[in-house]
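Undergrad: Please find one structure pasted underneath; my questions will follow.
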């Protein structure tokens, strides 16, 4: 308010100095009259003070009369400034209310998403917008000498960790594709002096804060690493068979591990401590996953069961559906999961149903002579969390993307991406901008089948999205 007052004072001072320049009237009609008179006058505002002497008396009198006619009284000026101030306050309040409303809606939307996520009912529909990438857009990272067996992507999507049958671990920079750290594998019999794995690495996990990396191998060992530097921290022992699955509970440093010894173990990495062991599977466990809840899910291989382990309640739920060995499992959200089996099928599950919600048989087609066809078994699955998009990999040199129907009641093929070899591991980036496939000449667990023309590598597959239809955009606006 004070600012407006002083500006007006300067204007009055200027009028007093230049008697020929008329003062402005507050209302619009007065301004219009002054402009009209000035337009017909020989003299206007552009005339300098030097021309004062040339002005005749009649003009001076007329301007003096105009000045007198349109000059504000102190009371009028106070009223005008008060009105301006009130209008300004009103405008500021309206803008603040609008901003508060937007922020409230945003927070409410986020809270609603968090509630749905915790309930396992959040499903973002993005599959309809995905497009298959061009072959030239797919990047391949090579560094392992033997088939890649597993990989993980950090939550911030900056790094990929991969491991292979050569017992090595490599940390990659996603943007540049360069190797940042390599932990070489050691030879069998050098376990006492070698820092790292001396047997095939079968699984790995990275904590959600990017602090720890965990890796498990055929030698029944779990190793904990500092993810930033790949410095070795701890070694966990206790499993009596190869370690086949690892997962950090989201938002914590609790680690779940699964093994061919049919057990699930819980560890506290911060304390370098073992917590407990869970039993139930009747055959080697082939895969494990977890999210935020204090529970994990496992695939039981040839016992053909999927199990949900409720850690705090010390209970488990058992599910059946596949006709073959269930080799891989991944949670989509807290209530739904996807599995793949060596009978060639891919299934969607709810933790509230004992049987699959949907199953696609021969998901990757068949191979073999006519009349003796066998399905390509599913070696890996991945899920873009809280979305309707999942993927599966096999040894038919294809990564297949799928769209989950409403409430995960169906599974429809989207498109496939060609890769050369066994797809032993699949992971979506957190944002869904890309999918990473770990590919090798052999299956991660055996050497009974070898694809000679395949090359060991990590495929970074961009997930392109369709541009919105301009016509639809206009309607929305």
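From the backbone N, Cα and C atoms, a Cβ is placed for every residue, glycine too.
This is the feature table in TrEMBL:
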COMPBIAS  8-32  compositional bias 'Basic and acidic residues'
COMPBIAS  53-67  compositional bias 'Basic and acidic residues'
REGION    1-76  region 'Disordered'
REPEAT    141-182  repeat 'WD'
REPEAT    194-235  repeat 'WD'
REPEAT    236-277  repeat 'WD'
REPEAT    278-319  repeat 'WD'
REPEAT    319-359  repeat 'WD'
Undergrad: Where DSSP helix means H, G or I and strand means E or B, what are the helix, strand and coil counts for the repeat 'WD' (319-359)?
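TA: Grouping H, G, I as helix and E, B as strand yields 0 helix, 21 strand, 20 coil.
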Undergrad: Go through the chain and flag residues at least 6 beyond the ends of the repeat 'WD' (236-277) whose CB is under 8 A from any CB in it; none is fine as an answer.
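TA: Here the qualifying positions are 202-208, 211-212, 214-224, 283-294, 296, 298, 309, 311.
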Undergrad: In the same chain, who gets a Cβ under 8 Å from the repeat 'WD' (194-235) while lying at least 6 residues past its ends?
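TA: Sequence-distant neighbours of the repeat 'WD' (194-235): 149-156, 159, 161, 163-165, 167-169, 171, 181, 183-188, 241-248, 250-253, 255, 257, 259, 261, 267, 269, 272, 288, 444-445.
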Undergrad: Using DSSP, how many residues of the repeat 'WD' (194-235) fall into helix, strand and coil, respectively?
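TA: Helix (H, G, I), strand (E, B), coil: 0 helix, 22 strand, 20 coil.
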Undergrad: Do you know the mean pLDDT across the repeat 'WD' (236-277)?
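TA: Value for the repeat 'WD' (236-277), mean pLDDT as a whole number: 97.
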Undergrad: On the DSSP side of things, how many residues of the repeat 'WD' (236-277) fall into helix, strand and coil, could you say?
TA: 0 helix, 24 strand, 18 coil
